[in-house]
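Features as listed in TrEMBL:
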BINDING   A:Gly57, A:Ala58, A:Ser59, A:Asp63, A:Ile89, A:Gly167, A:Asp172  ATP binding site
DOMAIN    A:54-232  domain 'tRNA(Ile)-lysidine/2-thiocytidine synthase N-terminal'
DOMAIN    A:303-330  domain 'Cytoplasmic tRNA 2-thiolation protein 1 C-terminal'
Amino acid sequence: MPPRTCALCDDARAILKRPKTGQQICKECFFYVFETEVHNTIQESQLFKRGDRVAIGASGGKDSTVLAHVMKALNERYDYGLELFLLSIDEGITGYRDDSLETVKRNQQQYDMPLKILSYDELYGWTMDAIVSQVGKKNNCTFCGVFRRQALDRGAAILNVDHIVTGHNADDIAETVLMNIMRGDIARLGRCTSICTQGEDTIKRSKPFKYAYEKEIVMYAYFKKLDYFSTECIYSPDAYRGHARVFLKDLEAARPSAIIDIIHSGEAFEVKDDVKATQKIQRTLPHLFASILSKGDSLLEICKRCGYMSSNELCKACTLLEGLERGLANAAIVRALSPLFV
Amino acid sequence: MTTISLKIEFSGGLELLFANERSHRITLPALVPAAQGQSPADDGDAPKKPVDLEYLVCWLRDNLLKERVELFIENGTVRPGILVLVNDADWELEGEGEYQLKDGDEIVFISTLHGG
């Protein structure tokens, strides 16, 4: 078979078939279109303004490594005027996170960005290794999810940044859409496709790779020879997401545009107002009871233990911590029921 | 019997299924039985075909893979989510499993299924 030439420059040898378009393109054109599409996503959503301090949530994995590389390149090429930082969370998982953090430390050198590492141990007094030795492998992802969310916010406050960007890609978002449909979680279905989320008090978070295919992110890392770490977390992968992921990969094999189509469907979902209202009451009821019991006036309070914003007397992380300290971790999980899939 | 040699690489976490070795050099017969699942030893008069990627994938499963075959192969080909490169080009441009291997080819398998 003769080598195919690039559909864009009609010159160099094609090295990639783009899943989004089916186009066959060469290495240089691939770098250019991949970066330009991320730039367009950033511009269309007006994610940043000049002078913003932006932290890149960096795990050492493929997505955040490519994100750091592309953010640096775009910031220089289009003169965004951003100050970029790397922010990593050390969950305290021996043989997993300690290795991936070594990758982040190399990234810090390669990209010349300040790096802040915050550990569960220093924030909460517990590593995931210690938590798993107490609660076992069954519910430990609940702890990790609640702790990480708060840890990123705290890290952002320490770095004094306006904004956290994460490496969530199109495949991740399509998976989440599928999961929320299968679970019938209307409220999250509406939110999960937003490129940018901002809670009451929390720092702005966004996903510049919202429309970037995992295949292209991995190919980008491969052709740019980026240094990333790829090992599954040793404590129980998220089984439910695993099913959605396998299903999505099968869909992609049959029709590559399926991923972007699912995101568009998720975005176009319209939820009737009365359905939304019912959902909202269902979600707020436990909080209402809690605040009546604590004679609180407002739904949004400050955690009495750590000062983090909370809709109860204790924030979710502290509820879990109290359970851990009293050896009643599983009871704490029920009370802290966490928003893991935003 | 003539043979070809290949360089095989696993990355993105896939190397964990292959004794944590990323790089391998292997030798395959240039002609293999046309029917899938036959080894070149019991050739006899069976029809032959030039060795292709489909054959390579099965050969890797039978000879190099150490664990969890279901994470590598599904329905006779690599599992969706594993990227394959032939001499640094997407195998989708090269005919996927039907690509006829040549002496000195470099084949890279990258898993995309591992955490971001």
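Every residue, even glycine, has its Cβ placed from backbone N, Cα and C.
Residues A:Gly57, A:Ala58, A:Ser59, A:Asp63, A:Ile89, A:Gly167, A:Asp172, recorded as contacting ATP, have a largest CA-CA distance of 20 Å. All chains included, 23 other C-beta atoms sit within 10 angstroms of the C-beta of A:Asp172 (ATP binding site). In the three-state DSSP scheme, A:Asp172 (ATP binding site) is classed as helix.
Per DSSP, the secondary structure of the domain 'Cytoplasmic tRNA 2-thiolation protein 1 C-terminal' (A:303-330) breaks down as 13 helix, 2 strand, 13 coil. Cβ neighbour density within 10 Å is lowest for A:Ile89 among the binding-site residues A:Ala58, A:Ile89.
In this entry, A:Asp63 stand out among the binding-site residues A:Gly57, A:Ala58, A:Asp63, A:Ile89 as having a C-beta under 8 A from a C-beta of chain B. Across the domain 'Cytoplasmic tRNA 2-thiolation protein 1 C-terminal' (A:303-330), the model assigns an average pLDDT of 82. Annotation for A:Gly167 (ATP binding site): same-chain Cβ neighbours under 8 Å, separated by at least 6 residues, are A:Gly57, A:Ser59, A:Gly61, A:Lys62, A:Asp63, A:Ser64, A:Thr65, A:Val66, A:Leu67, A:Lys207, A:Phe209, A:Ile217.
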